[in-house]
Amino acid sequence: MEIFLLVFTILIGYLFISLIKKKRLKKQIPIALSFLQEIENRKKEYFTDTSRKEIMMKYKVFYESCIKNSSSNTLNQFNQVYSHLDKRIVKWNKEYVQRELKQNDSFFSNIDGKSLDDQQRKAVVIDESNNLILAGAGSGKTLTIAGKVKYLVEQKKVSPDEILLLTYTKKAATEMEDRIKIKMNIPVESMTFHKLGLRMITQKREQHPNVSDQLRKNILDFFEREILTNPILMGKVIHFFSYYINVPQDYEDYDNLGDLYTHQKTTSLETIKSKFEKDINALKQDKFTIAGEEVKSIEEVIIANFLYLNGIEYEYEKIYPYPSPDPYRKRYQPDFYLLEYDIYLEHFGISENNRTPWLSSIEEDKYLEGMKWKREFHASNQTKLLETYSYYNKNGVLLYKLESLLKKNGVKIQPRNLQDIYKQIYITQKEKDRDFGEIIKLIQTFIGLFKSMGNTADDFKGIRSEILKNEAHLFMKDRNLLLLSIIESIFTYYQAELKVSEAIDFADMINEATSLIEQNQVKHPMYKYIIVDEYQDISFSRFKLIKALRDRTQAKIMCVGDDWQSIYRFAGSDLQLFIDFERFFGFTKQLKIEKTYRNSQDLVNTAGSFVMENKNQFKKRLTSPKFLEQPIVIYGFDKNFSLAFEKALQDILNHHGENSTVLILGRNNYDLNRIEQLENHLFTTRQIETKTIIQYKKHPKMAIEFLTVHRSKGLEADNVIVINLENKTSGFPNKISDDSILSYVLTDSDDFPFAEERRLFYVAITRTRNKSYLIAPQQNSSIFVEELVKELRIPFQVVTNEESIRQYPKCSHCKTGTLIIRENKTSNQNFIGCTNFPNCTQSFKDLTLIKDQVICPNCKGYMHRRKGKYGSFYGCSNYPYCTSTLKVELVTSTP
């Protein structure tokens with residue numbers, strides 16, 4: 001009986017549970033069917049990540065409670081699909097893309113009379129919520145955008161007014177509209193960010209806002225007028241230009257002296273004394289005064305400027321009045337001589353532990369022994385020597401130590417009238433002083449980026465705190481704080497000027513339009529697609545505008561651009577918004593268009609290798625159906641730039657004739673002066689609307705146009721000639737445009753040296769359909785040119801009938817200079833000297849060293865043929881620090 005009751009109870013329990021399961025099944029099956037039907041519907045189109053998240057969230061609770069391993073095929077199918085939805089979506093999307101490509105093959109073969117390639121077709125068909133298209137130079141991105149619009153309207157039946165096309169310039173918007181609206185007869189509106197922002201604000205205010213583009217003018221006005229009424233601010237500006245215009249690197253960062261000299265060539269080493277007195281003397285027409293005093297290092301500039309600004313008369317490298325008894329030493333020229341006090345000042349390049357790790361062992365011994373000799377020589381002649389050291393500047397105390405040292409030794413500090421200096425240099429000479437011009441650009445860039453981030457005057461405090469907290473290098477901390485203080489004053493003045501004129505600038509307009517959209521205070525079409533051209537130039541404010549529109553309309557985003565061509569940071573662009581696209585927009589499908597229709601494959605390979613030295617960019621493997629031998633040509637010269645320039649034009653004439661187009665590209669607007677001022681007067685320039693046309697008198701039919709590289713973006717020509725390839729502050733790369741102060745107004749700064757300048761160079765050499773000619777001096781050429789020669793094996797051809805020194809031996813002292821034959825102007829005798837002179841004073845009397853070098857087996861210096869008691873032998877040039885000798889008959893020279 002008990003057994004019967006137990007079995008009965010179990011049976012009843014089983015039946016009860018079965019009944020409950022059936023009821024659950026009955027309830028769950030319709031939900032599962034709904035899910036599966038929804039999946040089937042979404043599979044018909046591209047299954048976006050947004051859709052995936054929506055459906056996963058919608059059925060999340062149901063999935064957690066759903067019966068597993070059910071007798072119902074429907075529930076089992078639901079569990080299977082839901083749990084593996086990610087993988088299935090990848091498969092479905094792949095099938096969808098293949099299906100669309102096949103069904104629309106003939107459609108894609110005629111987009112504005114052209115056929116899309118495979119990558120372009122995929123970029124059109126793939127329809128993720130966020131799409132980033134990486135389009136290489138000359139790869140047909142505009143055609144791809146046109147194909148996308150045509151596909152959406154004609155194949156997917158999207159209304160034209162549901163598509164927003166955004167471009168950066170009015171010209172680009174007009175070209176896009178001409179192609180899509182007029183040629184393809186699709187009434188999609190293409191507009192600039194400026195026009196979009198203006199439309200939103202005008203709608204809200206019911207009147208057109210006054211939009212100012214006077215930032216540069218206001219900055220110049222501030223320096224010309226406003227600053228004269230503010231002595232404290234004037235002092236800050238003069239101190240910045242005197243002590244902080246150059247950014248030094250720690251000596252310990254250099255592998256050798258040559259690297260240090262290379263960096264110093266990119267800096268401004270002309271002293272304040274020179275700039276002030278040069279113009280005064282020019283006014284007096286005194287031709288016998290200094291033409292420009294340049295010192296040898298950044299630290300010497302700081303010292304010279306301190307002395308001058310504080311009324312201490314000095315003479316730079318005055319010959320010491322006492323001859324040296326040491327026949328191996330040259331005439332001694334101490335760094336500074338203080339005229340009124342009969343005091344000498346030497347600045348020694350040593351570290352805190354009295355070492356020079358940037359020198360070889362033997363060169364360090366020579367330098368330290370030289371210091372000792374100078375001290376003893378002054379002592380023996382009873383002349384006073386004061387000393388400063390490089391590590392003072394590294395520690396941010398050079399000025400403090402110098403002032404203390406001078407006062408301790410009776411030197412009076414008598415500051416000069418700063419207003420006189422300021423008026424003479426930064427008002428009278430502002431057009432001539434390129435450092436001043438570059439700083440104006442830097443301030444303009446900073447303010448543009450600052451406002452683009454949505455910052456106000458109060459946010460300067462935050463940046464100041466960030467500098468104090470994060471900048472470990474004391475010199476850089478002082479420098480950036482001083483520069484920030486100057487910029488803050490200019491920003492305050494600029495904002496006040498906007499208020500007085502009842503105007504807003506472009507950044508204000510974009511920020512205000514974004515706010516109106518976010519707060520739903522303006523009407524706009526419910527866009528389904530937002531397509532952005534040249535997205536690599538995006539600024540933070542423009543990004544926020546796009547995102548606000550996307551969030552309000554749930555539109556899909558398609559951004560097209562090339563991070564390798566991001567060159568408009570001075571206008572507010574922030575490359576990290578492109579590089580970290582997914583971080584800012586959410587899940588993204590990234591596609592590439594890598595077939596270029598402009599450049600040859602050899603040029604694409606070289607240019608790609610060059611720009612990708614900076615790994616903080618997307619990898620692309622550009623291909624081209626064109627093949628051309630040596631598409632990048634370096635034409636070198638020693639002094640005859642004119643002939644090298646003409647040789648490039650002649651080569652173009654020989655291969656392409658007079659009817660070919662030529663772009664002359666300079667890093668800066670004033671690079672055109674180099675051509676206009678040529679002594680042969682073969683070139684004249686004229687303005688035709690916005691174009692600068694160069695006429696070559698020998699061949700007047702040639703279509704030659706000058707542009708800065710920035711303005712050449714998006715253009716192309718049969719051939720390109722790039723000029724101003726010198727290693728100097730305003731050369732290529734331009735050394736001020738990458739200033740570290742900008743890192744405080746970017747979303748994430750790029751620490752790679754000259755990152756944007758490298759991309760700008762890439763833009764320059766990829767404007768050509770055939771060849772790019774680089775006109776470069778063989779001495780002190782651009783570090784980019786040297787990289788092409790050394791790393792990418794591009795030949796450096798001296799084409800001016802001047803002697804090529806590229807194969808001459810390197811200087812054993814500084815390691816990077818080249819040994820050349822020079823003439824002693826006093827004795828008219830030839831000798832061998834280093835191209836890094838006057839920084840490197842290495843010299844040799846034996847002229848055969850140019851063609852025939854014997855390397856010392858001990859110290860790797862050069863050996864000279866000498867005569868001794870027992871005949872000729874080879875002795876080391878580093879004697880007496882190296883006493884190695886070799887027998888003449890045992891020597892095998894190194895040609």
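If you go along the chain as it appears here, the first residue is 1 and each next one adds 1.
Here the Cβ of each residue, glycine as well, is placed from N, Cα and C on the backbone.
For Ala135, Gly136, Ala137, Gly138, Ser139, Gly140, Lys141, Thr142, the entry in TrEMBL reads ATP binding site. Annotation comment: TrEMBL describes 114-600 as domain 'UvrD-like helicase ATP-binding'.
Summary of the ATP site environment: with the site residues Ala135, Gly136, Ala137, Gly138, Ser139, Gly140, Lys141, Thr142 set aside, the chain residues having Cβ atoms within 8 Å of the Cβ mean position are Thr144, Asp562, Ile593, Thr596, Tyr597. Minimal Cβ crowding within 10 Å, among the binding-site residues Ser139, Thr142, is found at Thr142. When secondary structure is read from DSSP and collapsed to three states, Gly140 (ATP binding site) falls in the coil class. Per-residue confidence over the domain 'UvrD-like helicase ATP-binding' (114-600) averages out at a pLDDT of 87.
The C-beta environment of Ala135 (ATP binding site), restricted to residues of the same chain at least 6 apart in sequence and closer than 8 Å, consists of Lys141, Thr144, Val560, Gly561, Asp562, Lys592, Ile593. Its own atom aside, the Cβ of Gly138 (ATP binding site) has 20 Cβ atoms within 10 angstroms in the protein chains shown. Annotation for the binding-site residues Gly136, Gly140: lowest Cβ count within 10 Å of the residue's own Cβ, Gly140. Using a 10 Å radius centred on the Cβ of Lys141 (ATP binding site) and all shown protein chains, the other Cβ atoms total 22.
Its own atom aside, the Cβ of Ala137 (ATP binding site) has 26 Cβ atoms within 10 angstroms in the protein chains shown.
Ala135 (ATP binding site) carries a strand DSSP state (E or B).
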